[in-house]
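Taken from Swiss-Prot, the feature FAD binding site applies to 16-21, 39-40, Ala47, 61-64, Val251, Trp408, 446-448.
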Amino acid sequence: MHHMPRTTGMNVAVVGGGISGLAVAHHLRSRGTDAVLLESSARLGGAVGTHALAGYLVEQGPNSFLDREPATRALAAALNLEGRIRAADPAAKRRYVYTRGRLRSVPASPPAFLASDILPLGARLRVAGELFSRRAPEGVDESLAAFGRRHLGHRATQVLLDAVQTGIYAGDVEQLSVAATFPMLVKMEREHRSLILGAIRAQKAQRQAALPAGTAPKLSGALSTFDGGLQVLIDALAASLGDAAHVGARVEGLAREDGGWRLIIEEHGRRAELSVAQVVLAAPAHATAKLLRPLDDALAALVAGIAYAPIAVVHLGFDAGTLPAPDGFGFLVPAEEQRRMLGAIHASTTFPFRAEGGRVLYSCMVGGARQPGLVEQDEDALAALAREELKALAGVTARPSFTRVFRWPLGIPQYNLGHLERVAAIDAALQRLPGLHLIGNAYKGVGLNDCIRNAAQLADALVAGNTSHAP
């Protein structure tokens, strides 16, 4: 068996080449730490990937990020990508929810909300009564639905809160933990009792802390991507790693060795051993659990217990002139509507460069925790389903000239009730395995910004010699 000897100094093996693993490896190597990245598949990026097809620029997974995370902007700057960040078209600020038989605009302000038809009048007045909400008892892991009903009422929870979580988690509003999925809401309740009061006070504080004239905040807060899609970030990270990134390198086993770690690797039909001081497992939870099982069965069970919602992304492209460009970012469909689609992004409206020559591109989402079985259908069936739902929900009768389907059986980690307790237990169990670290979207944030921020923090901790960093 070929043996890769341990090099001098601290060295790290990063297992998994999604955005979390790539970012950790990049940060470590840019700080002078010898790090190698091992990815079992033939490409880097994990769920993140952009494809230029037939005049369309389609994302296979995540489609954008909010330009509000310093770690993401710092990573873009380090990779010389700041000039390639593109903000969404202003039209994308308008969003829609399918409720009571049609698409309805989500109001952008409290006065607009009270005057809108997004909810029946009684439900809108109930939301206004949120000013008199009571705090939850301390130490209760409350579902997003229970939190919403207490603050906003039943209708607003079933329509608005469910739609919001669907766009992020594609989850079950009755099962998701509010503290794990929307910690800012829990913080606002704790500090201000009322979410409305908290929002008003936050706006006031923001105005008082306004920057002096002539200066501008570095972070726009805008929905953003790169000029060639999110693949631009993946390609830049891959280029920064160079030969330190190995694709087709599957880690078959992991064992403790002389205060460090030994990895058994199969790469392009050859088996090899690699000895390192530290290991970062950045693979999805199920793959991480498989590697952990021989080391610590209890830890492996904790990690394996993280549920995922399957997702299918169905892109439908329409020739110029066959239908009007849709308004706004897109629409979401609450579970109570019992439709077969979670929602759709108006991709060519949000980022016009995603479709050439006046073409129109819809990116439809199917499955989630509410209908996981739909994702098991073949691509033709999923494309037909998306066409039918788009016609029923948005009135699109034109026939698409372009279709592309991406299926993710393990799509989005579900931060269900007990998730924070589970992550704390994982962290405690890792104390028994010094030099081993977990990272990825299964633990402390599912979004691109979360992954990049957590990767930077882990790299900082490793370089500083703090080996007890939480996942």
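Cβ coordinates are placed from backbone N, Cα and C, and glycine is handled just like the others.
Cβ crowding, taken as the number of other Cβ atoms within 10 Å, peaks at Gly16 among the binding-site residues Gly16, Gly61.
Each of the binding-site residues Ile19, Val446 was scored by other CB atoms within 10 A of its CB, and the lowest score goes to Val446. The DSSP secondary structure for Gly61 (FAD binding site) is coil. According to DSSP, Glu39 (FAD binding site) sits within a strand segment. A C-beta separation below 8 Å, combined with a sequence spacing of at least six in one chain, links Glu39 (FAD binding site) to Gly16, Gly17, Gly21, Ala245, His246, Val247, Gly248, Ala249.
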